[in-house]
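One structure follows; several queries about it will come next.
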Amino acid sequence: MNRTRLFACLLLAVLILVHESNAQCRRLCYKQRCVTYCRGRGKRSLDETNVGTSDVEKRAFDDSNVPSLVEERELEDEGSFIFD
């Protein structure tokens with residue numbers, strides 16, 4: 001019984017790691033600010049570039065205020081965002 005439970009836990013851990021490694025990342029840029037969002041993960045990284053310098057600040061933030069896919073398409077149609 002313990003072997004079965006151990007095997008099930010190991011299998012679940014492997015599946016979670018595979019899912020995390022297959023996350024699809026997308027980079028959105030607008031006016032010297034870029035956001036990299038990886039689906040399958042709960043965080044984004046925000047890159048801010050100061051005008052005239054090459055310093056880039058990166059920080060992680062919660063994606064609770066992230067636009068939905070429909071909103072992203074609307075923004076893409078307006079030409080506001082550049083997808084790399």
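Just so it is clear, glycine is given a Cβ too, placed from its N, Cα and C backbone atoms.
According to Swiss-Prot:
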{"type": "DISULFID", "residues": "C25-C38", "note": "disulfide bond"}
{"type": "DISULFID", "residues": "C29-C34", "note": "disulfide bond"}
{"type": "MOD_RES", "residues": "Q24", "note": "pyrrolidone carboxylic acid"}
{"type": "MOD_RES", "residues": "R41", "note": "arginine amide"}
{"type": "SIGNAL", "residues": "1-23", "note": "signal peptide"}
Return only the integer: C-alpha distance in Å from C34 (disulfide bond) to C25 (disulfide bond).
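So the alpha carbons of C34 (disulfide bond) and C25 (disulfide bond) sit roughly 13 Å from each other.
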Highest Cβ count within 10 Å among the disulfide-bonded residues C25, C29, C34: which residue is it?
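Top count of Cβ atoms within 10 Å goes to C34.
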